[in-house]
Amino acid sequence: MEEGGRDKAPVQPQQSPAAALGGTDEKPSGKERRDAGDKDKEQELSEEDKQLQDELEMLVERLGEKDTSLYRPALEELRRQIRSSTTSMTSVPKPLKFLRPHYGKLKEIYENMAPGENKRFAADIISVLAMTMSGERECLKYRLVGSQEELASWGHEYVRHLAGEVAKEWQELDDAEKVQREPLLTLVKEIIPYNMAHNAEHEACDLLMEIEQVDMLEKDIDENAYAKVCLYLTSCVNYVPEPENSALLRCALGVFRKFSRFPEALRLALMLNDMELVEDIFTSCKDVVVQKQMAFMLGRHGVFLELSEDVEEYEDLTEIMSNVQLNSNFLALARELDIMEPKVPDDIYKTHLENNRFGGSGSQVDSARMNLASSFVNGFVNAAFGQDKLLTDDGNKWLYKNKDHGMLSAAASLGMILLWDVDGGLTQIDKYLYSSEDYIKSGALLACGIVNSGVRNECDPALALLSDYVLHNSNTMRLGSIFGLGLAYAGSNREDVLTLLLPVMGDSKSSMEVAGVTALACGMIAVGSCNGDVTSTILQTIMEKSETELKDTYARWLPLGLGLNHLGKGEAIEAILAALEVVSEPFRSFANTLVDVCAYAGSGNVLKVQQLLHICSEHFDSKEKEEDKDKKEKKDKDKKEAPADMGAHQGVAVLGIALIAMGEEIGAEMALRTFGHLLRYGEPTLRRAVPLALALISVSNPRLNILDTLSKFSHDADPEVSYNSIFAMGMVGSGTNNARLAAMLRQLAQYHAKDPNNLFMVRLAQGLTHLGKGTLTLCPYHSDRQLMSQVAVAGLLTVLVSFLDVRNIILGKSHYVLYGLVAAMQPRMLVTFDEELRPLPVSVRVGQAVDVVGQAGKPKTITGFQTHTTPVLLAHGERAELATEEFLPVTPILEGFVILRKNPNYDL
């Protein structure tokens, strides 16, 4: 009713204050309304209500009389009154309200009744009445002894109330009391279909979760409700403990399979990390187009299934899963966006914008350190584009501007430029394999591995090229070839590659660095597979090393390899933690914490986060004081012995909090607050790790509050905090071209112009911000942030754990570890194909994703959208939906490569 309507004749009765209090719907006259405040409630009732009240009282009295023949009509009338009182949702129905005072009397009458139909009938009415009384679950008690008639006839509110009581009652019964659970189950079987039919799917799920009978869902779900139910179940997964979370996923998966929604089922099987199930779903689907779509999803997730050759379209499916076309599809996107022109590092640094009084800061020195930075930047910016201006034309000139290990990283950056282009890339790298410089050769070997990252090839070129160098006399050559194999076969768990690498760890010629890199590479190849050989070899290597060797900074990679092998495996690490008990401190705590956090990566496990916070709050004082005395003697020894201090495992704990919490929004928000406290009050080792944790929790998602925090700590007094903060800024904005971040980094470059180490970090961050000219992402989550790619997490962890000792590893000689990020690089694009896999440009709406869990109807899933034509880029937290009715996507989540089908019902 519009505002002015109040002065006109009352068309529609507006609820008066008295009605709000007393629940009457009649509109009393003005005089009555004035007096309503001071009169007693009894007298507020209108004529009609008074009549109703008297009638109900008479019915109750009639039940108390001796004449049993009157019971039936009285009960029928009571029931009619209760049911016919259609009421607003906000107030209690009138008959129930007037019957409340007689509740006790009705119960007495019920007790005195002779058993039979009338008694059951009375129980029904008391059950409904009990809903308004806060009693001891009497609603349920009387329902069970009642006449068992249709639940629906009493309305939704009653069903809801009953469901709540069933859940409470169930939890109080022991498993032993099976008999008493039976009637409850019968009741549940009535409630579920009712809820399903009345848009209350999530209430049905809640009830079944409470009584741990989720499997009952499957048979009551119909075509219209399944999507909502599964969305609700999967969104609850983060909030329930083991093993219920996998039960929910398996239930949703069963529902999807019931309705032949194979892509959705596959996604859940990947969440469960159950490869047999993945294969089963893939092979049981008989529709080739859907199979191709699933192959795209598996390729994106880094999973390869060995199909039998007689499968229809075997070659196509294998090719899609192997990501063979990734490079050509990516370049098609680049051409579409018109960004093929190679960039040089100066385009990124924008030195001309720095207002120095003495010319640009870049022009002063051509130092090896800055050239190394430029090699990385050049690789990051032109990643996967296949051409650049420094290396692809005449690389030797550039390579010799670097020295020693710098040459290794510079040569390897060629692999990043040629990323995913196995056939074309290897020929360009080949000439460097014959260089006279070991460093360049080693870099070229690493480049071969990088090119093959995430792409499978029948001929296994990486294995063929690199296997000869794994036990080479020169440790430099070993490094490039081993790390290269790790990147090329990450996530494949290939036995032949592992048997080649594992012996290197125990080889007498291997330096600690080589042993560490080998453990890393094996961890990446066997990521999340609990491979027994990898576990035993790494453990054996740790046991064999002396205490001094374990103090070497590269020793940290051994437990990291162990952790990666058990990534996301939870309980499965108990045996390893027990085996590590024999190692001496401080290495033991470091290794334990690292393996522990890897096992719970992305799980959002609150209890683990609490344990880690305890570790963070420990203090190590006594050692500091002794150190002061020994400082002078130790100065020279100190260079190599980084993790020797007691607090090293605290840094890992901080990273671990981010690693565990990054899986779900609420956990990540809480972790953010914690990091704020740690930065202000933590020990130095803690503070150094916090920027890295911030980077991990928000990879490729430049949120302003995180950028501001990092920007503040990029001027910190502790140089390692500032190095890590600057690098973290690059990680947070990786591949976004974020203008605000770019400006911040340019200011930092000026501020640190005289400090080569900080400047090196600023350059790295600038390169990352413009990763792949803004088309790639490092975020390990995909498919609407539901799936965590283990290979990507392995790559990120490799880099971040190395940054815990930034001075000796990244700023020392092992900057090649930065290429671990290659494992996490993925194009953040949406490309649409027709059923023949030809590119099909269609218009799509791209906007911020909206959470629609548990909402009624068909709510909008995106907000603030713009319409583009595919191929398009998707930023963090964005979602796409088709803007035309003409096509239907084979998978509901539009991300990566999506196959579209003609809509049969579309009329031109």
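Positions of Cβ are set from backbone N, Cα and C atoms, glycine also.
Annotation comment: Swiss-Prot describes M1 as N-acetylmethionine. Summarising the annotation, Swiss-Prot assigns region 'Disordered' to 1-52, 623-645. Feature annotation from Swiss-Prot assigns compositional bias 'Low complexity' to 10-20. Annotation comment: Swiss-Prot describes S16, S29, S147, S361, S363 as phosphoserine. What Swiss-Prot lists as phosphothreonine is T24, and the listing cites similarity to another entry. As annotated by Swiss-Prot, repeat 'PC 1' applies to 409-442. What Swiss-Prot records for 443-479 is repeat 'PC 2'. Feature annotation from Swiss-Prot assigns repeat 'PC 3' to 480-514. Taken from Swiss-Prot, the feature repeat 'PC 4' applies to 517-551. The annotation N6-acetyllysine is assigned in Swiss-Prot to K551 on the grounds of similarity to another entry. Residues annotated as repeat 'PC 5' in Swiss-Prot: 560-589. Residues or ranges marked as repeat 'PC 6' by Swiss-Prot: 692-723. The feature region 'Required for interaction with UBLCP1' is assigned by Swiss-Prot to 708-903, with similarity to another entry given as support. According to Swiss-Prot, the feature repeat 'PC 7' maps to 742-757.
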I need the most crowded of these modified residues: S147, K551. Count other C-beta atoms within 10 angstroms of each C-beta and give me the top one.
K551
Fill in the CA-CA distance, the residue listed as 'N6-acetyllysine' to S147 (phosphoserine), as an integer in Å.
76
Taking residues 6+ outside the repeat 'PC 3' (480-514), which of them lie with a CB under 8 Å of any CB in it?
302-304, 408, 412, 441-454, 456, 462-463, 466-473, 520-529, 531, 533-534, 537-538, 540-541, 544-545, 549, 552, 554-555, 790-791, 794-795, 814, 816-817, 819-820, 822-823
Could you pull out which residues elsewhere in the chain have a CB under 8 Å from any CB of the repeat 'PC 7' (742-757), counting only those six or more residues past its ends?
349-350, 353-354, 356, 361, 367, 369-370, 707, 711, 714-715, 719, 723, 726, 729-730, 763, 765-766, 769-770, 811
Across the repeat 'PC 5' (560-589), what are the DSSP residue counts per state (helix, strand, coil)?
20 helix, 0 strand, 10 coil
Long-range environment of the repeat 'PC 5' (560-589) - Cβ separation under 8 angstroms, sequence gap at least 6
242, 273, 516, 518-524, 526-531, 534-535, 538-539, 542-543, 547, 550-551, 595-603, 643-646, 648-649, 788, 790, 793-794, 797-798, 801
Just to be sure I understand, if DSSP states are collapsed into helix, strand and coil, how many residues of the repeat 'PC 3' (480-514) fall in each?
24 helix, 0 strand, 11 coil
Could you tell me the mean pLDDT the prediction assigns to the repeat 'PC 7' (742-757)?
89
